[in-house]
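As annotated by TrEMBL, active site, nucleophile applies to Cys272. What TrEMBL lists as NAD(+) binding site is 8-13, Asp33, Arg38, 86-90, 127-128, Glu161, 272-275, Arg342. The domain 'UDP-glucose/GDP-mannose dehydrogenase C-terminal' annotation in TrEMBL covers 328-452.
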Amino acid sequence: MVKICCIGAGYVGGPTMAVIALKCPEIEVAVVDISVPRINAWNSDQLPIYEPGLEDIVKQCRGKNLFFSTDVEKHVREADIVFVSVNTPTKTTGLGAGKAADLTYWESAARMIADVSVSDKIVVEKSTVPVKTAEAIEKILMHNSKGIKFQILSNPEFLAEGTAIADLFNPDRVLIGGRETPEGFKAVQTLKEVYANWVPEDQIITTNLWSAELSKLAANAFLAQRISSVNAMSALCESTGADVTQVAYAVGTDSRIGPKFLNASVGFGGSCFQKDILNLVYICQCNGLPEVAEYWKQVIKINDYQKNRFVNRIVSSMFNTVSNKKVAILGFAFKKDTGDTRETPAIDVCKGLLGDKAQISIYDPQVTEEQIQRDLSMKKFDWDHPLHLQPMSPTTVKQVSVTWDAYEATKGAHAVCVLTEWDEFKSLDYQKIFDNMQKPAFIFDGRNIMNVNKLREIGFIVYSIGKPLDAWLKDMPAFI
């Protein structure tokens, strides 16, 4: 019986291992983590992450061939294949600060694998890592191996949060990179056979190690670039009276371009896009490619510009001040169908409004008050370290209240900002919301999900990203 162990019980490790356990009943899968609260949550009815369909799979397999444990060393020792999906945050100090990936957790995982192993193992990179990480990990394992053979594979994940289970069931491709040696090919084949239990063989791509590592960074950079491209167009659309939705539709019908990732918004978020592009920029700089680094840096610059533009539009529309005005924030997660707030544009929008002394009331169906307060008081990049290494009791931001009801959040507000495209926001009773707001009542739609004409009929002044501007907004230009 093949035994698989995954170090790291987060957004990648948990769902990936649950699906492997479901699809390969003959394989024993253990997910290990040093965080006791996290493992306890995986073993409870309240899983630590929200992902449609995940709970059913975990309940079906847990205790049969899927186990969650804090006994990291035992399960690593017994495993044939060890997946490593630990955090690879952006460095905040030292060489490459603000760009380079911090591989501290990765290195300590590799040293621990070398220490406890008593049999040959395949070690699989699952975290997103800089190209050439495998080489460093290989050196650590080989220098500490006590005669045990390790093969390193790169098997990057291409999951989208909110659809992770569907993505795992029907992936566009599974990518496995390994050394081009007889032992390397054999290791690739072993992992390929695991996925072949449910993934058609022609969708399992095998490459060398560096190609696999770089493909993940490249894929995220290309996706983020599309979002920044359409967001750059949205600014031009507002200035010229064009409608970004119509422009994006016209562009997306070109089969060479395709319609995906062309929704203009307040900006992209999530744990990967910014981090991976910063990482890519750093790798380019280290390899003497400043022009390439500068090119990719623009993707993040446009994203920051878009968030700033949104805040400036809110403040300028409301007589150039939001001081002591209540502003309702609908949605805090970085996208719908997830409770994940990592790098969500809502953090920068809220911080921008708080900088102008606004009173903020937030409602998100999946995000807790503790998480929101933590996000608003944390330093940049701190979120990507394990919970027990984050500041324990973040100072609460007094001007922020969190409610569990959209009507409560908007009551008495001067403005409503829609920052996540949750479906329930489309069907709220906006007449009721309007009646309970201060006048003039504003809606700033950061996700272009609102029925603008209907809202204007009710009496709202509406701003939608990349749409022709309300007469009111034209009279109150935003300084950017």
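Here the Cβ of each residue, glycine as well, is placed from N, Cα and C on the backbone.
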Surrounding CB atoms that lie within 10 Å of the CB of the residue listed as 'active site, nucleophile', all protein chains: 24
Confidence summary (mean pLDDT) of the domain 'UDP-glucose/GDP-mannose dehydrogenase C-terminal' (328-452): 90
Alpha-carbon distance [the residue listed as 'active site, nucleophile'; Glu161 (NAD(+) binding site)] in Å: 11
Other C-beta atoms that fall within 10 angstroms of the C-beta of Thr90 (NAD(+) binding site): 20
Binding-site residues (Gly8, Asn87, Glu161, Gln274), the one with most neighbouring Cβ atoms at 10 Å: Gly8
Number of other Cβ atoms within 10 Å of the Cβ of Asp33 (NAD(+) binding site) across all protein chains: 24
Cys272 (active site, nucleophile) and Asn87 (NAD(+) binding site), Cα-Cα, nearest whole angstrom: 11
